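Below is one structure; the comments refer to it alone.
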Amino acid sequence: MLIFLWCGAVCVSLLGAANIPPHPLNLINFMEMIRYTIPCEKTWGEYADYGCYCGAGGSGRPIDALDRCCYVHDNCYGDAEKKHKCNPKTQSYSYKLTKRTIICYGAAGTCARIVCDCDRTAALCFGNSEYIERHKNIDTKRHCR
């Protein structure tokens with residue numbers, strides 16, 4: 001047992017010394033929210049490269065309502081970073097999935113609550129927006145100016 005604890009301490013120490021960036025802690029929460037709100041035949045991954053804003057980066061005008069959900073989510077994260085000094089990609093938070101809605105916990109104005117509300121709003125928006133197959137994997141250089 002003592003060897004196990006020592007090895008664990010060494011591993012943690014080495015990770016810290018290696019200056020490895022933290023993993024997106026809330027990504028799992030956001031994925032779970034999305035899975036809860038979207039149609040059963042879709043996977044959360046199908047939303048990762050959709051339109052001009054769903055996925056990494058974003059530019060131009062959103063091409064439809066679903067893409068607008070991602071645009072709003074990107075801006076929400078941007079506001080959380082700039083106005084509240086939060087780190088949305090690593091911020092953990094508490095929430096509950098119940099009766100086809102999502103409840104975020106925590107005091108209003110805290111980073112945890114702000115980021116949860118960003119993810120909640122986006123996930124509910126995904127669930128209420130049509131997924132148009134031809135908007136998946138689009139040529140963003142051509143369509144997102």
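Glycine is treated like the rest: Cβ placed from N, Cα and C.
Keep in mind it's a predicted model, so treat the numbers as computed, not measured.
The annotation active site is assigned in Swiss-Prot to H73 (among others). Reduced to three states, the DSSP call for H73 (active site) is helix. Taking all protein chains in view, 22 other C-beta atoms sit within 10 angstroms of the C-beta of H73 (active site).
Per Swiss-Prot, the feature active site maps to D119 (among others); the stated evidence is similarity to another entry. In sequence order, N26, N29, F30, M33, H73, Y93 are the residues of the chain that are 6 or more apart from D119 (active site) and have a CB within less than 8 Å of its CB. D119 (active site) carries a helical DSSP state (H, G or I).
Within 10 Å of the Cβ of G55 (Ca(2+) binding site) there are 14 other Cβ atoms, across all protein chains. The DSSP secondary structure for G55 (Ca(2+) binding site) is coil. Look at Swiss-Prot and you will find Y53, G55, G57, D74 tagged as Ca(2+) binding site, backed by similarity to another entry.
Per Swiss-Prot, disulfide bond is recorded for C52-C144 (among others), and the stated evidence type is similarity to another entry. Contacts of C52 (disulfide bond) defined by a Cβ separation under 8 A and a same-chain sequence distance of 6+ are given as G58, S59, G60, R61, P62, I63, D67, Y71, I138, T140, H143, C144, in order along the sequence.
Non-local contacts of C54 (disulfide bond) by the CB criterion (under 8 A, 6+ apart in sequence, same chain) comprise Y47, A48, L66, D67, C69, C70. Annotated disulfide bond per Swiss-Prot: C54-C70 (among others), in sequence order.
What Swiss-Prot records for C69-C125 (among others) is disulfide bond, and it gives similarity to another entry as the kind of evidence.
Remark: C76 (disulfide bond) has D117, C118, T121, A122 as non-local neighbours, by Cβ distance under 8 Å and separation of at least 6 in sequence. Look at Swiss-Prot and you will find C76-C118 (among others) tagged as disulfide bond, backed by similarity to another entry.
Feature annotation from Swiss-Prot assigns disulfide bond to C86-C111 (among others). For C86 (disulfide bond), the same-chain residues that are 6 or more apart in sequence and have a Cβ closer than 8 Å to its Cβ are A80, C111, I114, V115.
Within 10 Å of the C-beta atom of C104 (disulfide bond) sit 21 other C-beta atoms, taking all shown protein chains into account. What Swiss-Prot lists as disulfide bond is C104-C116 (among others).
What Swiss-Prot records for 1-17 is signal peptide, and it gives sequence analysis as the kind of evidence.
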Alpha-carbon spacing, G55 (Ca(2+) binding site) to C116 (disulfide bond), which is rounded to whole Å: 18
Shell list (Ca(2+); ref centroid = CB of Y53, G55, G57, D74; cutoff 8 A): C52, C54, A56, G58, C70, Y71
